[in-house]
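The domain 'AB hydrolase-1' annotation in Swiss-Prot covers 44-350. Residues annotated as active site, nucleophile in Swiss-Prot, with sequence analysis given as evidence: S150. Here Swiss-Prot flags R217, D345 as substrate binding site. Marked as active site by Swiss-Prot: D311, H344.
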Amino acid sequence: MSVGIVQEQSVTFDTELRLESGRILGPITLAYETYGELNADRSNAILVAHAWTGNAHLAGKNSEEDTKPGWWDAIVGPGRLLDTDRCFVICSNVIGSCYGSTGPASINPKTGKRYNLTFPVITVRDMVRAQALLLDHLGIDRLLTVLGGSMGGMQALEWATQFPDRIRSAIALATTSRPSPQAISLNAVARWAIFNDPTWKKGEYRKNPKDGLALARGIGHITFLSDESMWQKFGRRFNARDGLFDFFGQFEVERYLSYNGYNFVDRFDTNSFLYLAKALDLYDTAWGYESLEEAFSRVKAPIQFFAFTSDWLYPPYQTEEMATILRSLGKPVEYHLIESAYGHDAFLLEHETFAPMVREFLDKVERSE
């Protein structure tokens, strides 16, 4: 059952946030949505962390006119995996993004102009520190769980290591403790596509650059899929409207990348795309520690990991490595490898497969106290 119509909320914090870079950001606005009701002892709160280009609109619709529900609608609502009859679910837009939270497209109160490239470089850890301010605002001392895939999984890891006393569990899907050189190189090529678009104007554009961002998003879509899913979805089919020997004729997979790339331009700010890509590349759970083992020694809550066989962006061995280290430290951890052809996007699509395991995990967490 759907959660129905949901209104986005926002809160502005006048306090300044000291970032990992040493720079100061403030005031900070966070956009967020909530689903369900917070119980009397405030023990049923779940934070869902979104991925790179996601937003706070996790489930339901913001108006009757919306044609699509939130990005993970299938798992949120009465009787669903995140049962809103039992849980209070929160999803906030990360700082650096462009869906209502403070980012490069926001107005710098000191200048009265958009930040653009004067916006400071942010990290996933900075995002989580801002989320902690939101929990304080909502009067929530401790989360039942924090759950997320991809960059959302990185946020879950940061909660587990940086705020170990504020969570009872963490669930991380299709994620990594640090992106590989291959993942960084793909983001680098996406950046070049934007940097070489003359309409980007070194971040001082008035109208969102079109071609550079569309190409960058197309590169991203390739990493979200897999060889098997591309065969299943497109094969070698040629666009029926194009002639086979038309020089500019397209295979269906080309048309898909073009369509999704240019649609993305209408919904996402280019500078935000660049800043969040940088945050992904910089991510390292062990940042500030001698090793990943030292970082994970701070973990107190059980962590449940999910990896997907065809995910080549953050392949399963990277998740398994984290689970192995946590196990060696005597930390409560689960690692599940799910057979899937969907590639990195499997964390959004395989919910029927992982839902029973998540339910069992959360039931154990709730019974533990």
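Backbone N, Cα and C define each Cβ position, glycine as well.
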Distance, D311 (active site) to R217 (substrate binding site) (CA atoms, angstrom): 18
Segment confidence, the domain 'AB hydrolase-1' (44-350), expressed as mean pLDDT: 97
Largest tally of Cβ atoms lying within 10 Å of a Cβ, found at which of the recorded positions R217, H344: H344
Under 8 Å by Cβ from D345 (substrate binding site), counting only residues of that chain that are 6 or more apart: F224, L225, S229
Which same-chain residues, if any, lie at least 6 apart from S150 (active site, nucleophile) yet have Cβ under 8 Å of it: A51, W52, L173, A174, T175, Y314, H344, F347
Nonlocal neighbours by CB distance (under 8 Å) for D311 (active site), same chain, sequence gap 6 or more: A174, S226, S340, G343, H344, A346
Structural state of H344 (active site), classified by DSSP into three states: helix
